[in-house]
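Listed in TrEMBL for this protein:
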type	residues	note
BINDING	T101, S102, F129, P130, T131, D132, D202, H205, Y227, W257	pyridoxal 5'-phosphate binding site
MOD_RES	K228	N6-(pyridoxal phosphate)lysine
Amino acid sequence: MPLPSLSREACAELDAADPLAPRRADFLLPEGVIYLDGNSLGALPRAVPGRVAHLIEQEWGRGLVRSWNDAGWWDQPRALAAMLAPLVGAASDEVVVGDGTSANLFKTLVAALRLNPDRRVVVAEAGAFPTDLYIAQGVAELFDGVRLRLVGPGGEELAEALRPGDVGAVLLGHVDYRTGELRDMAAETRLAHDHGALAVWDLCHSVGALPVELSACGADFAVGCTYKYLNAGPGAPAFTYVAARHHARARQPLTGWHGHARPFDFTGDYEPAAGASCFLSGSQPLVAAAAVEAALQVWRGVDLALVRAKSLALTDLFLELTRPAGLEVVTPLEHARRGSQVSLRHPDGYAMVQALIERGIIGDFRAPDILRFGFTPLYLRHVDVFDAATALVEVVRGGEWRDPRFARRAQVT
Ligand SMILES: *Cc1c(COP(=O)(O)O)cnc(C)c1O
């Protein structure tokens, strides 16, 4: 996208003309902070505290056990799925909101392998978010003969890994958490299918950041969290996608009563519920689910094409304005291969990020050397990007980060 000018005034003009600008008022943002870590933990939507308080005080406090029916508690995982489905290009019954991403990865990977019983290899990415690899390792350890084959980014390595014809499932991150690289979901799903493998997508870094089209891309399964770009709060329940064509046969391993077809018959035999619902296991964290509900309401009427356009404009702007810092750019410059973050590399990146945080500009650091900045089009302005980029250049060029207090590592980076 051509930049008209790089002045702060020009950025303010872009904000004035931004069709997404009114969405910022849907969030409670702390004073004096520019938040570039919404790809780790999204900001607090204004409606969340009231909705959570209502659940606690009214639905629980007064309604008590009646709220399972009267407040729709039992159907909450499906009600949330109906709100979330348009954000991932799915039908409502192909999605269910519940449990955590890691648990859902386990369930979907096992289900994919069971649909493909003659294939014993799982392909995963060498640079995947660690929990994806750990869960895949756990699946391999549990099932005799299941092996992992790791690939690097891009379709060529994937094609190579699929060639032997023994791959049952590929587990791919839509956007790489560390580099911000966006994979071509349609092409890579097709590649997997051409080689007889099923495709399981991790949407943690793409849902809410860009349009996701699971159905149109032919994805088989997907998982994602709601606490990054969807802003549902720390530890909020995740979601699972199961393509409609697999509903009749897909079987997940954690067959609890919330995934049963008629749980209140209290029969002794498991019978899966219809659709993605059978991927639920047990009782869900409904206090946290209330936050998901309020957070998803922000997305009503939001055009994801506008979100994508603004995301690319913001990341372009940041890349352009931080060039004088002289840091290596890790994120692809090509729009088609870029998610909604900018990753820069420097061996002292940790200290640089800490120095920025002290100035109220919150990004994060990913070992060994990545400075990571997430761009959330619903609540970030172009002027925020201008101010953050200016500060980064000052911190790096001025050597402010060399102060020893910035080198002390906290438990969470
Ligand atoms: C954030 C993230 C997760 C998180 O998994 P949890 O079970 O919610 O802790 C998993 N995968 C990817 C790619 C992520 O970015």
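Every residue, even glycine, has its Cβ placed from backbone N, Cα and C.
TrEMBL labels come from automatic prediction, so no person has curated them.
Here the binding-site residues are T101, T131, and the one ringed by the most other CB atoms within 10 angstroms is T101.
The binding-site residues F129, Y227 differ in how many other CB atoms lie within 10 Å of their CB, and the one with the most is Y227. Recorded residues the residue listed as 'N6-(pyridoxal phosphate)lysine' and T101 (pyridoxal 5'-phosphate binding site) have their alpha carbons 12 Å apart, per Cα-Cα distance.
Around the residue listed as 'N6-(pyridoxal phosphate)lysine', taking its Cβ as the centre, 27 other Cβ atoms fall within 10 Å, counting all chains.
The DSSP secondary structure for D202 (pyridoxal 5'-phosphate binding site) is strand. Proximity of D202 (pyridoxal 5'-phosphate binding site) to non-local residues of its own chain (separation of 6 or more, Cβ distance below 8 Å) is seen for T101, L105, A128, F129, D132, L171, L172, G173, H174, A222, V223, G224, given in sequence order.
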